[in-house]
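Beneath this line is the structure, given in structure tokens, with notes to follow.
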Amino acid sequence: MSTKEKLISHVMKEEPVGSRSKVTVVGVGMVGMASAISILLKDLCDELAMVDVMEDKLKGEVMDLQHGSLFLKTKIVGDKDYSVTANSKVVVVTAGARQQEGESRLNLVQRNVNIFKFIIPNIVKYSPNCILMVVSNPVDILTYVAWKLSGFPRHRVIGSGTNLDSARFRHLIGEKLHLHPSSCHAWIVGEHGDSSVPVWSGVNVAGVSLQGLNPQMGTEGDGENWKAIHKEVVDGAYEVIKLKGYTSWAIGMSVADLVESIIKNMHKVHPVSTLVQGMHGVKDEVFLSVPCVLGNSGLTDVIHMTLKAEEEKQVQKSAETLWGVQKELTL
């Protein structure tokens, strides 16, 4: 008899039980790993699968996490074969070429489209009912690409979008007002990145509109220069990349925030990238961030945001920029 047989007496043969809340992270780079650890520490799933083409790096990261299993309640698996991702509830795609210092997100695009042509069909093959969350940049275009390549309905393909931009915005407003970011309600919509749109008309604390107190807020004529906060949001990622080489922690926490709303069916409103054709005067088939309700089925509703004419014009300009790139893509 083996030690195990001496220790444990078997009562019944276990039926294989599928995971109830499996999450897959595709890509074990800095963003993938920050997303993975954020999901694990929030205890969001009973199984976390990780997949990447870089076999040694993947194996090392998975082992490193598995060595912490005692401190977690999640089974951790990893393989370069996509069968490891089978029956995932949410698949988070972080894989792709990394943005170089000074490189615009749009510049990355065709490099990443080619990577997606391999990734997306594999995800669909093993998790045909999953919710697909795209994080790789440029996120709005790649969410459109994932939607086209997957054949999924639009409510099951979501881009992480401006969830992080809005978090940065709220943090910086909080710093200026000496308040916690959760008490500063503020939204950034449109493109994740350089042409994002701050909705100054909606910024409020405890229901008090800040533009009501300072009608010049967010304009050139504002003596308090609130506009600089949006510039800091846009420049924030570039600044972090310049200082440490990449961004990871905040986007990882932002991803876990979105996964939580889906897995726990919270019906929370998040600014995420979705098909906005027909909204805010957008005519083309583009994905941009607007406030959306996330739950167990994916993106269930879109909030009709009241935008000022100038804000709406900026969203339309974003859409035109993205469509200009999208129509050149070879899918």
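Cβ atoms are placed via backbone N, Cα and C, with glycine included.
As given in Swiss-Prot:
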BINDING   29-57, Arg98, Asn137  NAD(+) binding site
BINDING   Arg105, Asn137, Arg168, Thr247  substrate binding site
ACT_SITE  His192  active site, proton acceptor
Looking at the recorded positions listed here (Gly29, Leu41, Lys57, His192), whose Cα lies nearest to that of Asn137 (substrate binding site)? His192
Per DSSP, to which secondary structure element type does Cys45 (NAD(+) binding site) belong, with helix, strand and coil as the options? coil
Check: min Cα-Cα distance from Val53 (NAD(+) binding site) over recorded positions Arg168, His192, Thr247 goes to Thr247
One should report the C-alpha separation between Ala49 (NAD(+) binding site) and Arg168 (substrate binding site), rounded to whole angstrom, as 29
Mind giving me a neighbour count for His192 (active site, proton acceptor)? Other Cβ atoms within 10 Å of its Cβ, every protein chain shown. 30
For Cys45 (NAD(+) binding site), which of the recorded positions Arg168, His192, Thr247 has the nearest Cα in space? Thr247
Here the recorded positions are Arg168, His192, Thr247, and the Cα closest to that of Ile37 (NAD(+) binding site) is found at Thr247
Which of the three DSSP states, helix, strand or coil, fits His192 (active site, proton acceptor)? coil
Going by Cα-Cα distance, pick out whichever of the recorded positions Arg168, His192, Thr247 is nearest to Lys57 (NAD(+) binding site). Thr247
Among the binding-site residues listed here, Ile37, Ala49, which has the most company in the form of other Cβ atoms within 10 Å of its Cβ? Ala49
Of all the binding-site residues here, Leu41, Cys45, Val53, which one's CB has the most other CB atoms within 10 A? Cys45
Once the DSSP letters are reduced so that anything not helix or strand counts as coil, what is Thr247 (substrate binding site)? coil
